[in-house]
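As annotated by TrEMBL, region 'Disordered' applies to 46-65. Marked as compositional bias 'Polar residues' by TrEMBL: 55-65. The domain 'FAD-binding FR-type' feature in TrEMBL is assigned to 63-181. Look at TrEMBL and you will find Arg114, Tyr116, Leu131, Lys133 tagged as FAD binding site.
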Amino acid sequence: DDWLALKPQEPSPSQCCGSGCKPCIYDVYEKELAQWERARAKQDKSLLTEKKEQSNNSELNPDTFTPFSISSVEQLTEDTYQYKFELPGNGSLRLSLGQHIVLRGMVSGLEVQRAYTPISPGNAEGYFEVLIKHGELLMLASGTGLAPMLPILQSITDNEEDETFVTLVVCFCTFDKIYLKPLLQDLARYWNIRIFYVLSQETSLEKLPWSYQENTYIGRLNEDLTKTIINSCRRRPFVLICGSSAFSEDMSRYLKAAGIDENSYFVF
């Protein structure tokens with residue numbers, strides 16, 4: 001059924017910022033779902049692209065999202081960036097003092113929305129600016145070395161204002177030896193969490209459940225794979241290491257080879 005492929009996807013709880021936004025991502029979903037249901041009932045796909053008439057000014061509509069272009073991104077600190085958005089026709093947001101806006105975008109293939117208060121002057125014309133903080137954390141764990149990583153991960157996912165990106169790499173002998181699979185799969189659903197599995201004694205990805213095949217490596221976590229994972233991070237990460245003494249020594253050596261200095265990683 002072609003219509004099922006066009007049906008809006010219900011947001012997951014991790015996509016909601018929990019700030020009482022108007023509209024909430026769930027409000028948008030309900031509206032898009034109703035639009036889809038009307039279009040399907042009439043068998044008219046053109047109804048899916050219906051848009052309300054836009055006014056000539058840049059006033060935001062509390063009932064829908066308005067697209068704006070990013071004109072510049074300036075890095076202010078190691079993990080803080082200033083985003084500048086263009087407003088057409090030298091328009092102004094016309095916000096009240098301290099009023100926030102909700103930004104929505106795609107992060108790692110997942111739609112995310114967050115509330116921000118613009119830092120640009122209230123009467124700024126033709127643009128508005130916001131500060132966005134991005135931390136980056138890489139966790140390298142072997143076997144029971146996963147244990148100290150979990151409270152850190154859960155503290156990040158439990159804090160709606162924490163936007164730290166986390167990449168967790170867990171090393172086990174075989175798929176059956178992986179601890180806490182349901183918990184790890186649940187954590188991986190968050191927009192800012194990636195989890196990779198490295199299985200030293202498996203021989204083929206085809207033997208694994210399909211949901212694990214894309215994010216699993218066969219073999220050992222060696223220097224080349226470590227560099228590949230670091231390069232896939234959005235910026236240079238701070239690294240946490242936990243495992244056997246041999247594993248920790250290997251990881252420390254691989255990180256140095258990848259250009260991560262000793263002040264940028266911690267060994268449990």
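Every residue, even glycine, has its Cβ placed from backbone N, Cα and C.
Note on the binding-site residues Arg114, Lys133: the fewest other CB atoms within 10 A surround the CB of Lys133.
Cβ neighbour count for Leu131 (FAD binding site) (all protein chains, 10 Å cutoff from its Cβ): 14. One way to see the shell of the FAD site is to take the Cβ centroid of Arg114, Tyr116, Leu131, Lys133; the remaining same-chain residues with a Cβ within 8 Å of it are Val130, Ile132, Glu163.
Summarising the FAD site geometry, the residues cited as binding it (Arg114, Tyr116, Leu131, Lys133) extend over a maximum Cα to Cα distance of 12 Å. Take the CB of Tyr116 (FAD binding site) and look out to 10 A: across all protein chains shown you find 16 other CB atoms.
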